[in-house]
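What follows is one structure encoded as structure tokens, with my remarks underneath.
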Amino acid sequence: MWGCPLGLLLLLLAGQAALEARRSRWRRELAPGLHLRGIRDAGGRYCQEQDMCCRGRADECALPYLGATCYCDLFCNRTVSDCCPDFWDFCLGIPPPFPPVQGCMHAGRIYPIFGTYWENCNRCTCHEKGQWECDQEPCLVDPAMIKAINRGNYGWQAGNHSAFWGMTLDEGIRYRLGTIRPSSSVMNMNEIYTVLGQGEVLPTAFEASEKWPNLIHEPLDQGNCAGSWAFSTAAVASDRVSIHSLGHMTPILSPQNLLSCDTHHQKGCRGGRLDGAWWFLRRRGVVSDNCYPFSGREQNDEASPTPRCMMHSRAMGRGKRQATSRCPNSQVDSNDIYQVTPVYRLASDEKEIMKELMENGPVQALMEVHEDFFLYQRGIYSHTPVSQGRPEQYRRHGTHSVKITGWGEETLPDGRTIKYWTAANSWGPWWGERGHFRIVRGINECDIETFVLGVWGRVGMEDMGHH
């Protein structure tokens, strides 16, 4: 009793398949020709690559071609052609009836021979056979890395920072860091240990801006100046002078003063050492950022000299200095010189750093920056393994310096508790968490607990009264 309906069902299915086949044929016959404006990718090997030439009409004898479909069957050679570019030469042994496009196609536009466009950090050049050749440099903003980090359970989110788009990873390392690793003698300088009182317990969270409101300054932007040595030093000194003067002096100190005037074994926007920066702040001092503003974010060209020093001072006795030059910023009159006492190194111990930070203010830390750090947007950073299987040029790192401002803990959705440091970078407020980042605490992540420095602002009673 089921025979008749089953036969009818099979007949209907066969009819539907035939209709779909006719629709497919109609779509091909009604499609516009692929080469009406000339053959694009005239040197491409399509039929030849697959060793495919088909007789008559064979709709399955097809290959993808620049977002469309091309064919290697005899039927393609009709008035409105949808043949693959090498069909005539490879299958028929004759020249193609359409002229090759004199240039290369990209995003609907034809570029002339030797024309170029940029694909992120790589330049693509149109060559004579209508083919693009692109550089293969690792880019600072790597969309594949961003996806891999955000798919993984790493505790932080990555994203595209528009200021980094178009830069190579090598340029990021060269221009966005700039702290030269200290010499072995400096790395071996004696560590200072603080003393925790009996039964003293440090809080689980602390932020310098909460203990010293209005005395902790926001991050600046070093741009493409490899001057983190100057920016982090000025940032820590600014906060410490403000704290130790009890708010009587709250300067944002000038990184440019260090970049241009601290020239002994320093390279300005091409890198510098922390010990040299602190020596200069102790012996010479610097003015405020308003008085001597950052003069530009592109001071790293090897052929261009560091901008000349525009701030000079003289000794006043007892180590104090007085400016002998007017402010480079003619709109500012105050050219007060700010100084610090000798810098000291903290023990490479989590609690030692916490105690110092809580009692005396933000500290300066050296750290190793890896390729994924540039992509940080939010969360608790730790270096990820997403680039481990890639060539060495995709796995780069360099030395940087930052200002640690606090610490805390966070419980993740899986129940794990992660301890972290809060730190201020020098890439501007658009990067990370309003210019700051959090990084795993207690395991020396990226060597951030290896070389940590503190200092006292040089503040006398005359300074308190003067200000």
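Keep in mind that glycine also has a Cβ here, set from the backbone N, Cα and C atoms.
Swiss-Prot lists 1-21 with the feature signal peptide, giving sequence analysis as the kind of evidence. Among the features that Swiss-Prot reports, domain 'SMB' is placed at 49-96, with the record citing sequence analysis. Annotated disulfide bond per Swiss-Prot: C53-C72, C70-C72, C70-C84, C76-C83, C84-C91, in sequence order, evidence recorded as sequence analysis. What Swiss-Prot records for N77, N160 is N-linked glycosylation site.
Annotated features, which come from Swiss-Prot, shown on the structure.
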| residue | record | contacts (Cβ under 8 Å, 6+ apart) |
| --- | --- | --- |
| C53 | disulfide bond | C47, C61, C72, D73, F87, F90, C91 |
| C70 | disulfide bond | L34, Y46, A62, L63, P64, C76, D82, C83, C84, P85, F87 |
| N77 | N-linked glycosylation site | C83, F87, W88, L92 |
| N160 | N-linked glycosylation site | V141, P143, I146, L375 |
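Averaged over the domain 'SMB' (49-96), the predicted model has a pLDDT of 91. Within 10 Å of the Cβ of C91 (disulfide bond) there are 20 other Cβ atoms, across all protein chains.
Neighbour counts were taken at the CB atom with a 10 A radius for the disulfide-bonded residues C83, C84; the maximum falls on C84. Across the domain 'SMB' (49-96), the DSSP tally of helix, strand and coil residues reads 11 helix, 11 strand, 26 coil. N160 (N-linked glycosylation site) falls within neither a helix nor a strand when secondary structure is assigned with DSSP, and so counts as coil.
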